[in-house]
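Per Swiss-Prot, the features are:
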- 1-43: transit peptide (TRANSIT)
- SER76: phosphoserine (MOD_RES)
- SER76: O-linked glycosylation site (CARBOHYD)
- LYS132: N6-acetyllysine (MOD_RES)
- THR134: phosphothreonine (MOD_RES)
- LYS167: N6-acetyllysine (MOD_RES)
- GLN215, GLY217, LYS218, THR219, SER220, GLN473, GLN475: ATP binding site (BINDING)
- THR219, ASP312: Mg(2+) binding site (BINDING)
- LYS261: N6-succinyllysine (MOD_RES)
- LYS261: N6-acetyllysine (MOD_RES)
- SER413: site 'Required for activity' (SITE)
- LYS427: N6-succinyllysine (MOD_RES)
- LYS427: N6-acetyllysine (MOD_RES)
- LYS434: N6-acetyllysine (MOD_RES)
- LYS531: N6-acetyllysine (MOD_RES)
- LYS531: N6-succinyllysine (MOD_RES)
- LYS541: N6-acetyllysine (MOD_RES)
Amino acid sequence: MLSVRVAAAVVRALPRRAGLVSRNALGSSFIAARNFHASNTHLQKTGTAEMSSILEERILGADTSVDLEETGRVLSIGDGIARVHGLRNVQAEEMVEFSSGLKGMSLNLEPDNVGVVVFGNDKLIKEGDIVKRTGAIVDVPVGEELLGRVVDALGNAIDGKGPIGSKTRRRVGLKAPGIIPRISVREPMQTGIKAVDSLVPIGRGQRELIIGDRQTGKTSIAIDTIINQKRFNDGSDEKKKLYCIYVAIGQKRSTVAQLVKRLTDADAMKYTIVVSATASDAAPLQYLAPYSGCSMGEYFRDNGKHALIIYDDLSKQAVAYRQMSLLLRRPPGREAYPGDVFYLHSRLLERAAKMNDAFGGGSLTALPVIETQAGDVSAYIPTNVISITDGQIFLETELFYKGIRPAINVGLSVSRVGSAAQTRAMKQVAGTMKLELAQYREVAAFAQFGSDLDAATQQLLSRGVRLTELLKQGQYSPMAIEEQVAVIYAGVRGYLDKLEPSKITKFENAFLSHVVSQHQALLGTIRADGKISEQSDAKLKEIVTNFLAGFEA
């Protein structure tokens, strides 16, 4: 009688959904009951209280836990897409694991199967293979431990320096901050490039698009910006530091290797994370890499620090997403891109933000790169990203081949919010420059048709040519903001109007060397005050005049 009661108690304790419980678990329960029956004689000799306590101990000591895993089987596999049957409770964008050890991500949740994109070579998977849920949405390691490292789209180290030591992980697909935590852009993000910092200034928390044809210097602007942050990151003021994340999407491995070497030579890798999903990587990894890099940048933003992320380039991410979507049988739209390709980029770029003080005051600045075909900015992806971002730096092939580098088209380039973040000193010297350059371009188009030009027009042309020369800058040689102010001051105030255009670059190099070596106090004053006072203006005028007299002589 006792053994029957014990068995009944054990069965009642088991889950009601008997279908989920393995037969082994039930069998072990009945074996335990039989063992109780065998020792019944011994139990009858003891007292009732002692007997019940022994029963409790034995029942509680029995391990009735069952490890349940939801698994499915591969129905078909090809082109990096697996159709899986049986994962009834899988979540969207959940990581799944194949029996070969490969990982994948569930994207299409259909009534009778799940469409899984494979992170790797699908030749290792065959029909009938078991697929199991991991229960985790795709996440990556984040934290300062990643600085100086090169990782793949899943956050695994690929630089041969051992595993990443970070204990913190973060989902790749987090929602962008709402309206309340944000604040308007107000701090400058200095690129060290004269043409950008003076004409299309960028603020911390801004999204500024770099757009242009191939081989026009888009990546160079991004790399110069990273190198320029060394002057701030070498200091001790955490508020001035800017951590950098460079996401390489669909590039050649040799290109990424050269880039890492360039950053290492400039001593910039120590504050930079490189996320690489090269052309030979699977399309899902190229799709995922920008989101992974963004999560790494958000760690700094949400901890009251400042970060810069460069997506190079989002055109290739859109192509990878188009490939996945078409293979998943999603309906194509314009240029065969799926209908949600706008959302693909908007949900990524909206995560760049300047947070208010109640939320730590951190920022994440985004510099997405888009490659155009023959300068066509009216194509689908370029127009999408232009409408999402807070401005664009437009690079032209024609200017590049004329030797104007960086090849920025000042007329088409704009920064919608950056002027609020521009330093006052730069506003004072560069305020009229954009207008003068615009007038120069307009007049230059007509000047080639006739030679009879009035003095004012000739003056406009003369000034425009010299300002264009002044904005030229070598690759990997970013300048401090106070040095830019000194050089642009000489051009805008007309001191270079009588100098031959061919001598402008030579003058600039000599003048900068002179100012840095002889007038460091003035540069320090401009840097500290953030503006040109009357005394600084008079001093600058004196320095430029005296130097020009000696330079021309």
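A Cβ is built for glycine as well, from the same backbone N, Cα and C atoms used for every other residue.
A map of Swiss-Prot features onto the structure.
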residue: SER76; record: phosphoserine; Cβ contacts under 8 Å, 6 or more apart: ALA82, ARG83, GLU127
residue: LYS132; record: N6-acetyllysine; Cβ contacts under 8 Å, 6 or more apart: GLU69, GLU70, THR71, GLY72, VAL96, GLU97
residue: THR134; record: phosphothreonine; Cβ contacts under 8 Å, 6 or more apart: GLU94, MET95, VAL96, GLU97
residue: LYS167; record: N6-acetyllysine; Cβ contacts under 8 Å, 6 or more apart: GLY143
residue: GLN215; record: ATP binding site; Cβ contacts under 8 Å, 6 or more apart: THR397, PHE400
residue: GLY217; record: ATP binding site; Cβ contacts under 8 Å, 6 or more apart: LEU395, PHE400, ARG405, PRO406, ALA407, GLN475
residue: ASP312; record: Mg(2+) binding site; Cβ contacts under 8 Å, 6 or more apart: LYS218, THR219, ALA222, TYR246, VAL247, ALA248, ILE249, GLN251, VAL369
residue: LYS427; record: N6-succinyllysine; Cβ contacts under 8 Å, 6 or more apart: SER419
residue: LYS434; record: N6-acetyllysine; Cβ contacts under 8 Å, 6 or more apart: LEU199, VAL410
residue: LYS531; record: N6-acetyllysine; Cβ contacts under 8 Å, 6 or more apart: THR423, ARG424, ALA425, GLN428
Give the number of CB atoms, excluding that of SER220 (ATP binding site) itself, located within 10 Å of its CB.
18
Counting other C-beta atoms within 10 angstroms, the emptiest spot among the recorded positions THR219, SER413, GLN473, GLN475 is GLN475
LYS218, LYS261, LYS541 as recorded positions, winner by CB count within 10 A
LYS218
Binding residues GLN215, GLY217, LYS218, THR219, SER220, GLN473, GLN475 (ATP) - maximum C-alpha distance in whole Å
17
Here the Cα-Cα span from SER220 (ATP binding site) to LYS541 (N6-acetyllysine), rounded to a whole number of angstrom, reaches 33
Quick one: of the recorded positions SER413, GLN473, LYS541, which has its CA closest to the CA of LYS261 (N6-succinyllysine)?
GLN473
State the Cα to Cα distance, in Å, between SER413 (site 'Required for activity') and GLN473 (ATP binding site), rounded to an integer.
17
CA pair LYS541 (N6-acetyllysine) / GLN473 (ATP binding site), Å rounded to integer, equals 23
